[in-house]
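Chemist: The following block contains the structure, expressed as structure tokens.
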Amino acid sequence: MNDTIPATGHLLGAADIRRIAADAGISPTKKFGQNFVIDPGTVRRIVREAGVTAADHVMEVGPGLGSLTLAILETGATMTAVEIDPPLAERLPGTVAEFMPEATSRLTVVNRDALTVTPENVPDFSDDASFTLVANLPYNVATPILLTLLERFDNLGSFLVMVQKEVADRLAAKPGSKIYGTPSVKLAWYGTAERVGTIGRNVFWPAPNVDSALVKFTRYQADDPAAPGTANSTDDGTQRELVFRLIDAAFGQRRKTLHAALKTIAPSEAFSIAGIDPTRRGETLTIAEFTALAKAIESCGDGDEAQ
């Protein structure tokens, strides 16, 4: 990975953003959680933290007016931008043509809700070649987008996303923490996450009411001994579904013991097989322990009718 990114293109500043928005008749909307980055230094920092190089294929979700898009293209990478808002999706190629015309052939724009994206409707990512996600995600749907993309794209190898600071803290939280919860554990099924920096409110237009932070994620390799269960295998997802059911139940009643919270899913015998004390709470379990419990339930038979 490159340690530095050459500043070769014209990236968007505050005046550029406001002019583009005015020319296109676009206003940021709360519906889509739109806050546009107006600071070139911030988007270059995001791309640098992501380690993007010219050899990479990048997905961006929610490109907006193109601030981060241009910073990604500046590296020489090929990218696909997924934008839910039709006017913004229509405008983006023109912005790239205006500010970085040599990069237009490396950009594909898909007008689609990221929660509906699949390898079939975004064929650029349908093969086995690994790709990375780099995005300033809409705060209200950041976690669902990440978990959905990781489930549907086995070749999503890493991501660097900017999200609300509180969301970043939860995504990277460890067992035993007060903020450790469903997002933390489910993300840990796929790989490892860490918070790698904070972003102030003044780099956005309009300025949000919350601070932002960067989360970096690396997916487990298929042969990684740290990978829980069959997280990276070609199975039908049955084990993951059971693990996620356990997680949802355990954190849906956070203050209850595992025995109480999981009484309709996990028979008492399963705790013994997994070597897990049923008086513990879900917030103390690692993803490996949730997976061990799921395997134990499977070995006991039908986990739907726990006794």
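The chain as shown is numbered from 1 upward.
The backbone N, Cα and C atoms fix where each Cβ goes, and this holds for glycine too.
What Swiss-Prot shows for this protein is this:
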- Asn35, Val37, Gly62, Glu83, Asp113, Asn136: S-adenosyl-L-methionine binding site (BINDING)
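In terms of burial and nearby residues, how do these features look in this structure?
Modeler: Cβ neighbours within 10 Å of Glu83 (S-adenosyl-L-methionine binding site), excluding its own Cβ and spanning all shown chains: 25.
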Chemist: Hey, which of the binding-site residues Asn35, Asn136 is the loneliest by Cβ count within 10 Å?
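Modeler: If we count Cβ atoms within 10 Å for the binding-site residues Asn35, Asn136, the smallest count is at Asn35.
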Chemist: Non-local Cβ contacts of Val37 (S-adenosyl-L-methionine binding site) (under 8 Å, 6 or more apart, same chain)?
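Modeler: Looking at Cβ-Cβ distances below 8 Å from Val37 (S-adenosyl-L-methionine binding site), excluding near sequence neighbours, one finds Leu12, Val43, Gly64, Ser67, Leu68, Asn136, Val203, Phe204.
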Chemist: Hey, does DSSP put Gly62 (S-adenosyl-L-methionine binding site) in a helix, a strand, or just coil?
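Modeler: Assignment for Gly62 (S-adenosyl-L-methionine binding site) reads coil.
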Chemist: Suppose we draw a 10 Å sphere around the Cβ of Asp113 (S-adenosyl-L-methionine binding site). How many other Cβ atoms does it contain, all chains included?
Modeler: 14
Chemist: Looking only at Asn35, Val37, Gly62, Glu83, Asp113, Asn136, the residues listed as binding S-adenosyl-L-methionine, what is the longest Cα to Cα distance in Å?
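Modeler: Between the most distant Cα atoms of the S-adenosyl-L-methionine site, 20 Å.
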